[in-house]
Amino acid sequence: MDPSAAASASLVVRSPRQTVSLLRSRRPQFGRPERERQRQRNPKRGREPAAGPKPSEVYGFVGSITVVIATAVYLAWAYTPEPALRSLGITYYPTKYWALAVPSLAMVALALSLLAYLGSNFVATPPPTSFSAIFDEYSRERPAAAVPVDAATAQEEEEEEEAERPIEPISDISIHHINNLMFGDH
């Protein structure tokens, strides 16, 4: 390899992170253990990160296993005939009535809770004729613009105003202005 090719390879533009990582990897460490080198690089860390799974992962795993086992026990109890359970020595268990009653009650409770949620939203919503449906604490009305007589004059004035004024902040349009646009002057 000729010297000009080696010089051009060393002049490659790199990010500062790449440069620092290359410098660290080239530096001789003289037999220090890896953990000691990591502590020296990052002195703010008082201790090493905990090894093993996070508590939330453990709880999720245990919870999922518990649900699977409970479902299997429930289905075994619900579908196994009573004489078979007695022959296995299982004599203390709820009646089969609860195998249908608990899921039915859960489904009815879910449906009623959805209806209660919808009903509470309807109760909390103001009627359409209420002024709180038109104005709230964040409302800010724009001043009504004067309507010019001539269309050409209107276009010229509009172009001049657009060039001079900044973009207006978002604001509500007056209900009177909307009624005037939709239904005209009466």
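A Cβ is built for glycine as well, from the same backbone N, Cα and C atoms used for every other residue.
These numbers come from a predicted model, not from an experiment.
Annotated domain 'PIG-P' per TrEMBL: 56-183, in sequence order.
Residues or ranges marked as region 'Disordered' by TrEMBL: 23-53.
Annotation comment: TrEMBL describes 58-77 (among others) as transmembrane segment.
Same-chain neighbours of the transmembrane segment (97-118): 74, 77-78, counting only residues six or more beyond its ends whose CB sits under 8 Å from a CB of the stretch. Annotated transmembrane segment per TrEMBL: 97-118 (among others), in sequence order.
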Composition by DSSP (helix, strand, coil) of residues within the domain 'PIG-P' (56-183)
84 helix, 2 strand, 42 coil
